[in-house]
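Peer 1: Input: one structure, supplied below.
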Amino acid sequence: MGPSTVNIAVLLVLALTSLCSGTSSPGAYLYPQFYQHSCPRAQDIVRSVVARAVAKEARMAASLLRLHFHDCFVKGCDASLLLDSSGSIVSEKGSNPNKNSARGFEVIDEIKSALEKECPQTVSCADILALAARDSTVLAGGPNWEVPLGRRDSLGASLSGSNNDIPAPNNTLQTITTKFKRQGLDMVDLVALSGSHTIGLSRCTSFRQRLYNQTGNGVADSTLEEAYAWQLRSRCPRSGGDDNLFTLDRVSPTKFDNSYYKNVVAGKGLLNSDQVLLTRSLETMVLVKQYAENNELFFDHFAKSIVKMGNISPLTGTKGEIRKNCRKTN
């Protein structure tokens, strides 16, 4: 190899290094083989605990997937959501998006304790959330993907971040788009990741305004299919019944598939944030219709978008810590 070839090789390495360390790729330090030597059985352990939990209660798949979202949208994917209140920490669990609805924490505890036995203080709680989200999706019949790993755990939480940064069911499409953009996620990510509503349940309080008073004038949301609205009203009254649960996807509530998009096309998206994808933007409408017709395309986009979401501002290297207990800092 002549000197000029060596120079080119060095330049290539330098170019790749700068690409990997650039701000354009915040998740560049994460890679799927991170625990290959330090904890080779890590992924198997996560998978087996998640499988047991989902076998016991199908809804747990949606709950674990949702924890990963609600963690990543606040200060990045750093397991800040898992911290209980103590000392200077005010838990994110008490925020509007999480209070009485975020669940699955005991499954994360069970995974953590199994991993601590296998390889103490090695696997982060943030990585557990990312793996559990993937395994839940696969168990529900959804796509599989390689999870980039190497996140570390935060030393604090942000209640205000949780209240302000997580998209809410009654947000306008513009607000939801802004919240996604803030995390470096685009319109394709928004529509594809909304597809996680193909599994799981929602409380009456999350969509009541659509049934009775959508714009503050005492009239129901006109984009909601009438027979479906009538059905929802029977169990979600004007007042009371806040915690009554409804399937987000009325066709196949425990199966991860594209019927969520078919529902939205038919005016049967449960949440306002679901239905606006069809009615408020040509760009999102086109994607909704494409996913409704092509399950494979939805799976492909969902897997890419969730990896992208998992790359939001991870703590790596010496930042943060590896918690021994996901509920509290060391």
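FYI, residue positions are counted from 1 along the chain as it appears here.
Yeah, the Cβs are placed from backbone N, Cα and C, and that goes for glycine too.
Remember, it's a predicted structure, so these values are computed and weren't measured experimentally.
According to TrEMBL, the record shows the following:
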{"type": "ACT_SITE", "residues": "HIS70", "note": "active site, proton acceptor"}
{"type": "BINDING", "residues": "ASP71, VAL74, GLY76, ASP78, SER80, GLU92", "note": "Ca(2+) 1 binding site"}
{"type": "BINDING", "residues": "HIS197", "note": "heme b binding site"}
{"type": "BINDING", "residues": "THR198, ASP249, ASP257", "note": "Ca(2+) 2 binding site"}
{"type": "SITE", "residues": "ARG66", "note": "site 'Transition state stabilizer'"}
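Could you tell me the structural context for the features on the list?
Peer 2: The Cβ neighbour count for HIS70 (active site, proton acceptor), using a 10 Å radius and every protein chain shown, is 21.
Its Cβ placed at the centre, ASP71 (Ca(2+) 1 binding site) has 30 other Cβ atoms within 10 Å.
Of all Cβ atoms in the protein chains displayed, 29 besides its own lie within 10 Å of the Cβ of THR198 (Ca(2+) 2 binding site).
Counted within 10 Å of its Cβ, the other Cβ atoms near ARG66 (site 'Transition state stabilizer') come to 22, all protein chains included.
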Peer 1: How many Å separate the Cα atoms of ASP257 (Ca(2+) 2 binding site) and HIS197 (heme b binding site)?
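Peer 2: With distance taken Cα to Cα, HIS197 (heme b binding site) is 10 Å from ASP257 (Ca(2+) 2 binding site).
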Peer 1: Long-range same-chain neighbours of GLU92 (Ca(2+) 1 binding site), Cβ under 8 Å, sequence gap at least 6?
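Peer 2: HIS70, VAL74, SER80, LEU81, LEU83, ASN98, ALA157, SER158, LEU159, GLY161, SER162 - these are the non-local Cβ neighbours of GLU92 (Ca(2+) 1 binding site), listed in sequence order.
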Peer 1: Out of the binding-site residues ASP78, HIS197, THR198, ASP249, give me the one sitting nearest to ARG66 (site 'Transition state stabilizer') by CA distance.
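Peer 2: With Cα distances computed to ARG66 (site 'Transition state stabilizer'), the winner among ASP78, HIS197, THR198, ASP249 is HIS197.
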